[in-house]
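Some notes on the structure that comes next.
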Amino acid sequence: MKAVVFAYHNIGCAAVRSLLEAGVEIAAVFTHVDDSNENVFFESVAKLAARNGIPVFAPEDVNHPLWVEKIRQMQPDSIFSFYYRHMLSQEILDIAPKGGFNLHGSLLPNYRGRAPINWVLVNGETETGMTLHTMTVKPDAGAIVAQEALAITDADTAATLHSRMTHLAGELLNKVIPQIVAGTHSLTEQDTTKASYFGRRTPADGEIKWANDSRTIFNLIRAVTEPFPGAFSYLGERRVTIWGATASEKTYDVTPGTIVETKPLTVACAQGSIVLHSGQAENGLYLSGDQLAAEMYLVEGMRFGPQASAVIAATRRQKVLIMGANGFIGNHLTKRLLDDGKYEIYAMDMSSSQIEQHLSHPDFHFVEGDITIHNEWIEYHIKKCDIVLPLVAIATPIEYTRNPLRVFELDFEENLKIVRACVKYDKRIIFPSTSEVYGMCTDEEFDEDTSPLITGPINRQRWIYSTSKQLLDRVIWAYGKKDNLKFTLFRPFNWMGPRLDSLNSARVGSSRAITQLILNLVEGTPIKLIDGGEQKRCFTDISEAIEALFRVIENKDGLCDGQIINIGSPDNEASIKVMAETLVEKFEEHPLRDQFPPFAGYNLVESQSFYGDGYQDVQHRRPSIKNAKKLLNWEPTIMMDQTIEDTLDFFLKTAVEETK
């Protein structure tokens, strides 16, 4: 049998040896270039392959068509993956007639995902094992070929368990590889109801929470000890890594984290205590617990805990700079941040009509100004604040053809200055991209990470807005890669609600669709349906959209860093015509209905006559919100009818007030 192997780490080496011992012809080994930032404590798959005369490769993207074709030319019967760190595409899996097989370090379906050896120790499991399973595009989900269990003892650490699992991998494969070669192996589907999934671990996950019980802390320490970065805690600003410890049931009536003895060095937990056997001060030597206490001058009553500066930073209210605070997104976001009470807002806009109620708030500092003029004020406040939201843009479709250069100057050039200032002062920017960047994409749902961004020809000037935003997205992404700019791009999909533009802006034709339609009802003029209103959009309630944006600002666990997030409601898809009909229905039922003229009907209008030359429309715009679900734990629930009702109510009451 001929195989192509994807392998890394000690377990990868053990697996390659098992294949060779079984007489499998290995056409090539794909592995990884060792990361200089990683503690490379493990054996080299590349060296093992080279010593056995096996061609070895380490491509950046093994799923690239060039590599797929190269693998196809090798004509493997089977594909094996042994602790290879990248997913293989379906194209690669389809090459091998006998299929693909992956070795996973747990008893599947438990502990699918990353770092299972560390996770089972963290969670205090008493058993783990090795599983060989068929490969599917979904990670660790294929049918089980063979499985061996392994008991976990209190003496196990990440190092010892990894060594034992490496040995187990060899034993398992020595039994099952001959069966695969002979075609006599069996398959058992996984019970998905018992599946659990765990993500990657980072060094930051090793911070000790002393409010846990001693057993939980002991499990963390042994799960991330050498050769991994280690569990750690702080004494003020002094970081201490704890390499070895035991759990004691003895409980002390003190605050968790308090040093209660120095010989042996003992720290109180919420329940029980931890006896430290070995540790290391930052930039210090690996020492016994007792010597560590002596050399760091530790005494009873001192307390381990979070880094002092981090505690201060966590309690300090973050400063947020909002440019365009009087706009639709800006005024709703301002209210949400002030209601939370953890943010201090600095804001600029050319008017304060929508935020007057906040002007006296002690945490709201507003300046009336123009971002094209007040460059020094803006740069000073970017330097002063923690988070920057540049919400100033021309975002009404008629302006794209009426004033294309003005759209470019404001939406791109002025915002580029802000982006560069964020790079200069190392500030986090949350940038409003737009659903318009997807243009005429034909995907059923627009995906932030995979959907193509397709715009029309140059003579269709309506695309200048989309292109300006897309280019800024690309510039921000490049700054993130090159200069470590902290950023999140969010893409609104037809956010709708009270204070979306104004009736006055609708009177001059510079508003979004629903506000324009409400003006028609208020003034008794026909509702204009551009090209019959057949274009479909996914309407999103502003309250839910702002909640998603608020969670982006919160950025729990840094999950939003470097991400693009669609914020929209895919289940609220409707044509402009249906939206208009719903609006008219709500209008006729409204308590203020008798204050306004009779409904004047619908007027079907060609887009060119309404928008002018250079316009081109999009027939559907439906977002994928997988990133919002995963990163923000956000999913919209408010239906379009309710949003239309709330929006209409606001503008009708506003119109009545204006006539008094």
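Cβ atoms here come from the backbone N, Cα and C positions, even for glycine.
The predicted model assigns the region 'Formyltransferase ArnAFT' (1-304) a mean pLDDT of 96. Taken from Swiss-Prot, the feature region 'Formyltransferase ArnAFT' applies to 1-304.
Spatially close to N102 (site 'Transition state stabilizer') yet at least six residues away along the chain are F80, S81, F82, L132, H133, T134, M135, D140, G142, judged by Cβ distances under 8 angstroms. Residues or ranges marked as site 'Transition state stabilizer' by Swiss-Prot: N102.
According to DSSP, H104 (active site, proton donor) is assigned to a strand segment. Per Swiss-Prot, the feature active site, proton donor maps to H104 (among others).
Sequence annotations record features per position, and here Swiss-Prot assigns (6R)-10-formyltetrahydrofolate binding site to R114, T136, V137, K138, P139, D140. A coil conformation is recorded for D140 ((6R)-10-formyltetrahydrofolate binding site) in the three-state DSSP classification, outside any helix or strand. Every protein chain considered, the tally of other Cβ atoms within 10 Å of the Cβ of D140 ((6R)-10-formyltetrahydrofolate binding site) stands at 21.
Residues or ranges marked as site 'Raises pKa of active site His' by Swiss-Prot on the basis of sequence analysis: D140.
Annotated region 'Dehydrogenase ArnADH' per Swiss-Prot: 316-660, in sequence order.
What Swiss-Prot lists as NAD(+) binding site is D349, D370, I371, and the listing cites sequence analysis. In the three-state DSSP classification, I371 (NAD(+) binding site) falls within coil.
A395 (UDP-alpha-D-glucuronate binding site) counts 21 other C-beta atoms within 10 Å of its own C-beta, drawing on all protein chains shown. For the recorded site, A395 (UDP-alpha-D-glucuronate binding site), the DSSP three-state label reads coil. Summarising the annotation, Swiss-Prot assigns UDP-alpha-D-glucuronate binding site to A395, Y400, 434-435, R462, N494, 528-537, Y615.
Among the features that Swiss-Prot reports, active site, proton acceptor is placed at E436. Close to E436 (active site, proton acceptor) in the fold, though at least 6 residues off in sequence, lie Y465, S466, K469, each with a CB less than 8 Å from its CB.
Long-range Cβ contacts of R621 (active site, proton donor) within its own chain (separation 6+, distance under 8 Å): S435, Y438, F446, F493, N494, K536, R537, C538. Look at Swiss-Prot and you will find R621 (among others) tagged as active site, proton donor, backed by sequence analysis.
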Between A395 (UDP-alpha-D-glucuronate binding site) and D349 (NAD(+) binding site), the C-alpha gap once rounded to whole angstrom: 16
Spatial neighbours, same chain, of D531 (UDP-alpha-D-glucuronate binding site) - Cβ under 8 Å, 6+ residues apart: L604, V605, E606, S607, D617
Those recorded positions listed as H104, K138, K528, and which of them has the most Cβ atoms within 10 Å of its own Cβ: H104
Fewest Cβ neighbours within 10 Å, where candidates are the binding-site residues T136, S435: T136
Minimum Cα separation from K138 ((6R)-10-formyltetrahydrofolate binding site), reported as the residue among binding-site residues D349, K528, E534 that achieves it: E534
Spatial neighbours, same chain, of R114 ((6R)-10-formyltetrahydrofolate binding site) - Cβ under 8 Å, 6+ residues apart: F198, G199, R200, R201
